[in-house]
Amino acid sequence: MPIDFYASRKTTRIYIFSILVMSIFIKRILLFTFLLLGIIVLTLIGVSSLDRKFTSFKLQNNPKHIVLGHSQPECAFNDHLIPSLKNLSQSGDSYFYIYFKTKEVIIQNPALEVVFIEFTDNQLNMNENIWGNKYIPYKYPKYSSFMSMTDKLVLFKNNPSAFINVQSLSLKMKLTRIIKNEVYFSNDFGDYFYLERDKTDSLVDNISSLEDEFSTVENGVSEVNLSYLDAIIKLCKETVKSYFDKKSASQKIP
Amino acid sequence: MIFNSLDFAIFLPIIFIIYWFVANKNLKLQNLIIVIASYIFYAWWDWRFLSLILFSSLIDYLVGLSLSKQDDETKRKQLLWISILVNLGFLGFFKYFNFFIDNFTSAFSLFGTEISSNSLNIILPVGISFYTFQTLSYSIDVYKRKLEPTKDIIAFFAFVSFFPQLVAGPIERATNLLPQFYKKRHFDYAKAIDGMRQILWGLFKKIVIADNCAEYANQIFNNSSDYSGSTLALGAIFFTFQIYGDFSGYSDIAIGTSRLFGFNLKQNFATPYFSRDIAEFWRRWHMSLSTWFRDYVYIPLGGSRGSLLNKIRNVFIIFLVSGFWHGANWTYIVWGALNALYFLPILLTKKNRNHLDIVAKDKRFPSLKDFWLMSFTFGLTVFAWIFFRAESLQHAIDYIKGIFSGSLFKIPQSLTNDTMLTLLLICFFIVIEWLGREGQHTLSQLCRIEKRYYRWCFYLIICLLIFMHQGKQQEFIYFQF
C-alpha cells in the first residue's frame, strides 16, 4: 500500500515539525518569562534596599518608653498626656509585624529604655492578621523592606496568592514614597488613636459583619505569632527593658 | 475562573501542553480535552450551573439532528420553537424574572391595587446571555438550511462551551466556529505568538486601564451628589474607558487564547472610540452581538427597507433589545433608546455607511474634520454610558444634572497624583490604540518591528505596567450580563 505509506510518512513529518515548532515557542515564552521575572525580582530588591535607606524610624522628642500592640493599646495610652512615652500601637498589629517595627525603632532610638508590649488573649490567634487577604495589603508594604527571606516565606507558604498579589502594591507604595521623598513616616507605623464613643457604639452594633471578616483564615493558636513574640523579647533583652501590658480581651470584639 | 487570576495562569499552560503534546495526533481527543477544560473552567465559578450548559447543548444538538431529518415545514418550525423556548426560557427566568415581577407589582400599585409579590433570590449564571445566543444561532442556521447539523456530539459540546469565549464572548456563529472543530489543527508558531501578543494587550487593557479607571469611576458614581460637575464629567470618562478596557480586554484575551489552540474567533472590537459617527461606532463595538442582532432580529424584521415608520420601528426594536440584553434594569433600556435616537438621523439621511474605512488610513494624524467627528461621537457615547453605569434612572438624571451645574468648569476635586497617573496611562493607551488601529488587533500591526530587541523591550514595559497594577483585581463587567 504505497499511498498509505506516503500519507502516514507525511502525517508523521507534520507531527514532528509541529512538535519542534512548539518546543521553540515554549522555549521563547519561558525565556521571556524568566527575563521578566528576573527584572521584577531585581526591581523589588533594588527598591527595597532604597526604601531601607529612605525610611526613618527615628522618633521625635527622643521618648524613653514606647508602647506596642494592636487597637487596644492604640486607643488606651494617650501619649500626649504621658511624658516621654510614644504609643506605636496600631490596629490589627500582630507580633509578626511588631517585630520588624521594634527592631528598627530600637536601632534608631538609642535613648529608648523601656518597651511595653501588649499581651491580650486574642494575640494568641492572629493568623488572619498576619497573612489574611485583608491584612497583607495593609501591613506587608510597610515592613517588607525590613523582612528576611525566611519571614517572607512564612507569608508565601500560608497565603501564596495574596503574597504574590501584594508585591506590586508594595513596589508601588515604596516607589511613590521614594519619589515623593517621604523619609519620615513613623505615624504610619502606629500612634495614639482617640476613640469617639458614638463610633464605638456603631462598631459594636455591626459586630456580625466584623465576625464575618475574621473567618477567611483558620484561626487557631498562632504559633507563628508566638514565635515572633519570643523574638521580640530576645531583641529587647539585648538593649532595653520589656514589660507585658496585660489586657483582657473584649467579650464581643474578637 | 477569570483570565487575570493565578488560577488561569496555571490552568492555561497545563491545558495547552496536554492539548498539543498528548492529544496532537487525535482530533476527537483534542475536542474532548476542550470540553473537559471548558467545564472545569466554568465549574471553577459554580459547578451547579454546568447542568444548564449541558441541558442547553443537548437540546440544541437534538433539535439540529431532528431538523435534518424533517422536511415538514410545520414540524421544523415546532422544533425551532423548542430550541428558542428552552434557551430564552432559561435566560428569561435567571435574568429577567425579578425585573418583570417588580415592574408588574409597581404597575399595579400605580392604579391603586396593591398586590404582594415574591421576588426570588436568583443567582445569574455567568455567561448565560452569551452561550444562549451562540446555541440559538446554531438552531436558527440549521432551520434556515444555512448550516448542516453536526452529528459529532463532542464537537458540538466543545463549540457551545469553548472556554476562552464561554462566559463573555465573542458570541461565535456556528457557521464560523463549529467547522473548525472538524478540521485537524496544527500548531502554528506565528499564530500562537500573535495570540500571546493579543493576550498581553488584553491584560493591559483590563488590569492597567479598566481596573484603574474602575476605582475612580466607582468612587465618583457611588457618591455623585458630593462632587462638582467637572468631577462627574471625569467620572463618566473614566467609566467610558473602564467598560472599553474591561470588555475589549476580555475579548482580546479570549481571541488570543483561542489562537493558541489553533482556533480563529471573530474580531469583537475595532477601536470603536475612533469612530466618526454612531453607525461606525456600532460597527466597531461588540461586533459579535451587533451582527447577531442584525442577522437574527433586524433583517428578519425588514431592516432598513420598507416605510419610514418601519425603519424607525426596527431601529428602536434592535437598540431596545440590545439594551435589555445587557441587564434587567430600565437604565439599560434607556441606554439602548438613546443610541437609537443617535442612530436614526444618520439612517434616515442615508449617511449610515459614510465611514466604512478606518479613520486616517495610512496617515499618522487625522484631519481636523475627522478629529471633530471623532470627538463629537465620543462625547455622545460618554453621555450614553452614564445611563449604562447609573444604579437607576433617577441616579442617571441627577448625575447629568450635576454635570451641567455651575461647577462644570471648576478643577475636578478628585485630581490627586494617582488620578493624574491614571489619566497619563489612558493617554498612553489611546496613542498605542491609534498606532495599531489598522491591524486585526492593536499589537498585530505595532509589533511588526524588525528587531526582536525593540519588540521584547516593548513587551517587557507592558508586562511591568501590568505587574505594577495587578493588585486591584476587579471582576469583568460583562460577566454580569
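Backbone N, Cα and C atoms are what each Cβ position is placed from, and that goes for glycine too.
Unlike curated entries, TrEMBL annotations are predicted automatically.
Per TrEMBL, the features are:
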TRANSMEM  B:6-22  transmembrane segment
TRANSMEM  B:51-67  transmembrane segment
TRANSMEM  B:79-101  transmembrane segment
TRANSMEM  B:121-141  transmembrane segment
TRANSMEM  B:153-171  transmembrane segment
TRANSMEM  B:332-349  transmembrane segment
TRANSMEM  B:370-388  transmembrane segment
TRANSMEM  B:414-432  transmembrane segment
TRANSMEM  B:453-471  transmembrane segment
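Between the transmembrane segment (B:332-349) and the transmembrane segment (B:153-171) there are fewer than 3 Cβ pairs closer than 8 Å, counting only residues 6 or more apart in sequence, so the two stretches are not in contact.
Nonlocal intrachain contacts for the transmembrane segment (B:370-388), taken as residues 6+ away from its ends with a CB within less than 8 angstroms of a stretch CB, comprise 236-237, 239-240, 243, 273-278, 280-281, 326, 331-332, 334-335, 338-339, 342, 359-360, 396, 399-400. Remote same-chain partners of the transmembrane segment (B:79-101), defined as residues 6 or more beyond its termini with a Cβ less than 8 Å from a stretch Cβ, comprise 52, 55-56, 59-60, 63, 66-67, 70, 117-120, 122-125, 128-129, 132, 135-136, 139-140, 143, 327-329.
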